[in-house]
Amino acid sequence: NQTSASEFVLLGLTNDPHFQSLLFFVFSVIYFITLFGNMVIMIVITTDPHLHTPMYFFLFHLALTDICYATTIVPYMLVKFLVKQKTIEFSACIIQMSLILLSAGSEIFMLSAMAYDRYIAICKPLQYQEVMNKLVCCLLVTGAWVMGILHSIINTLPMLNVQFCKHTEIKHFSCELPPLLNAACGRTFLNKLLVLSSAVIFGSSSFLLTLISYIYIISTVLKIQSAKGRHKAFSTCSSHLIVVVLLYTTALFQYIKPSSVSSFFLDQLFSIQYSILTPMLNPIIYSLKNNDVKTALGRMLGKIQASQ
């Protein structure tokens, strides 16, 4: 029983064939909206000269991260809804886990870079062009991706030494790290300590950078005399703030919650929220809450209609 596992069994969301068919349809629609929404955001930002600014440069990379995040999880999940065999190779599971960690790590630091951009724009508007130059923007985006890669490597390499039983069931729909550790047969105290430590270090550092930026932003906005001016200033970062709240409230709770409050339903629900629904909601939030994006979308649709 203690021989190293060559494959795992993903228990998924349900064993009911009829419910699986319904879930296949639901998550297919979610994945289509995720791909379509984020690709539209990327195309609009690339083609519209009015959006060639640091704010939309970061939004482009956030959309790219969301596509990577959703694509790492949903297609494999959809396949498992259609087949009876719910197994996944050990190597494929580890690769999926590492890509989830990379996408999640990159996303939170991308949001921190966007918060810093909004801080400079609102608190130091006269210095904005000088501070947020092309080199700085590229360094911030590169830093976000590097932090994601680092987060993935730190947590993936120790997993290669974890002992699994020959028949290992993972109580999840993907090879996410916490349920994978819970399914291990050998001792995982050091691995769980590493997961908690990395989640706290990476998560809290990103969160603190975002929080400090917003403390300065709110302080500056409150000093603006006119209500119209305050609304205009805050409207530029309201969509970003909604995205941050959606991601952090679920992802951090999932990774740092004590095992005593863990439950199959709760774990699945939170994972669906931050790894599948958030990538879908991000482009919708930015499209509905951001006037520049809505205007650019209108211009792009006008050009398409004119060409026809």
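Glycine is treated like the rest: Cβ placed from N, Cα and C.
As recorded in TrEMBL, the features of this protein are as follows:
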type     : residues : note
TRANSMEM : 22-45    : transmembrane segment
DOMAIN   : 37-286   : domain 'G-protein coupled receptors family 1 profile'
TRANSMEM : 57-78    : transmembrane segment
TRANSMEM : 90-114   : transmembrane segment
TRANSMEM : 135-154  : transmembrane segment
TRANSMEM : 199-222  : transmembrane segment
TRANSMEM : 234-256  : transmembrane segment
TRANSMEM : 268-288  : transmembrane segment
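Most Cβ pairs within less than 8 Å of the transmembrane segment (199-222), among stretches 22-45, 57-78, 90-114, 135-154, belong to 90-114.
Contact between the transmembrane segment (22-45) and the transmembrane segment (135-154) is not supported, since fewer than 3 Cβ pairs fall under 8 Å when only residues 6 or more apart in sequence are counted. Here the transmembrane segment (57-78) has Cβ contacts under 8 Å with residues 12, 24, 27-28, 30-31, 34-35, 38-39, 41-42, 45-46, 88, 96, 99-100, 102-104, 106-107, 110-111, 113-114, 117, 137, 140-141, 144, 173-174, 275-276, 278-280, 282-283, 286 of the same chain, all six or more residues outside its ends. Outside the transmembrane segment (90-114) by six or more residues, the chain places 4-8, 55, 58-59, 61-62, 65-66, 68-69, 72-73, 76, 140-141, 143-145, 147-153, 155-156, 159-160, 164, 170, 174-177, 180, 202-203, 206-207, 209-210, 213, 240, 243-244, 247-248, 251, 274-275 with a CB less than 8 A from a CB of the stretch. Mean pLDDT for the domain 'G-protein coupled receptors family 1 profile' (37-286) in the predicted structure: 86.
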